[in-house]
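> One structure is given below, represented as structure tokens, and several questions about it will come after.
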Amino acid sequence: MSNNNDKQYTTQELNAMSNEDLARLGTELDDVTIAYRKERFPIANDPAEKRAARAVTFWLVLGIIGGLGFLATYIFWPWEYKAHGDEGLLAYTLYTPMLGITSGLCILSLGFAVVLYVKKFIPEEIAVQRRHDGPSEEVDRRTIVALLNDSWQTSTLGRRKLIMGLAGGGAVLAGLTIIAPMGGMIKNPWNPKEGPMDVQGDGTLWTSGWTLVENDVKVYLGRDTAAIAESHTDATGEHWSTTGVSRLVRMRPEDLAAASMETVFPLPAEMVNDGAEYDPAKDVYEHQMHSVHGPRNAVMLIRLRTADAEKVIEREGQESFHYGDYYAYSKICTHIGCPTSLYEAQTNRILCPCHQSQFDALHYGKPVFGPAARALPQLPITVDEEGYLIAAGNFIEPLGPAFWERKS
């Protein structure tokens, strides 16, 4: 506030002033000059004012509808995964778009209402203030309160109860649209799910489908053929099966060319349905799809050129994790969990397209660029007696981005 006015006002003098006088005094003390001020609707009961109020009300009501729609979608809409051909696939597909549409409608409508109210009801005003320094005095504190009261009165919000109520309700709902998604985090990541370990792990951050190796389960590196299943019904109920080839098939080393990469998923021996063991009636499609959709299951199988493989720097304690020129790294970026789905064969770098982290495949998946701070976990692999690539063990560190309980 300004210290240019030498007059010291007593409490009695300040109490004797009206709110308008205090507001005017506040502008003078603050070296503010109101160069221009015009009321939007100087005539009482102006039809244009009523139209403007209805327009603001419309956007506020629309914002409330959007907020309620978001909460209803988030709480009641069927969000569980549905595979191709499942009943309810359309509703599942629309879940995320509905969240975006309703939350966007809520926030944008409230924004439109605020902008419209300012343009239609707040008086046009041009004020000029000279810059000055100095601590605030008692008179300044009193006058700023008066200025705020004056702003409240001139905004006419005090007599527009409907707009105030709608704005308050809309603001609360807009806040809920931001807070409600955090409900998805209200889950203890260390509580195992009911039932035994399966192809998606036990539900904790420590496990994946590859953890089955620790339970003496033979786990193959399964290539995704992207085969689409068809529904058929028999005496035991509805089943899904592919024709000619299953969704996941085992891989041999010769199936991958040098300087190339393949995304593989855990394929337990009991789910194998290819080669000499192929049985068109074997019902494994849904189980294999659970493996494909496992949040920590995706692994990049990389076959290096022989010349490049000779340059590899092994991580201490993981010297035997590879099989010849074949290296298997987790496909989950250690930054925030995006899929590191790009592989540059010429530079042997693994790229995450989300935030441009880069990992050196010749240096145990060490990050060399971008925000990722930890190397990609490496899966130990080998071949079995039939020549198929299998997991020789489980990952020795948690997969994906960091979390509080990690020590590194």
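Cβ atoms are placed via backbone N, Cα and C, with glycine included.
Computed from a predicted structure; not experimentally measured.
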> Could you pull the disulfide partner of C354 out of C333, C338, going by Swiss-Prot?
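Looking through C333, C338, the record in Swiss-Prot gives C338 as the partner of C354.
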> Fewest other Cβ atoms within 10 Å: which of the recorded positions C333, C338 wins that one? Let me know.
C338
> For the recorded positions listed here, C352, C354, which shows the highest count of neighbouring CB atoms within 10 A?
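Within the set of recorded positions, the most crowded position is C352.
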> Among the binding-site residues H335, H355, which residue has the largest number of other Cβ atoms within 10 Å of its own Cβ?
H335
> To the nearest Å, how far is the Cα of H335 ([2Fe-2S] cluster binding site) from the Cα of C354 (disulfide bond)?
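Here the two Cα atoms are 10 Å apart.
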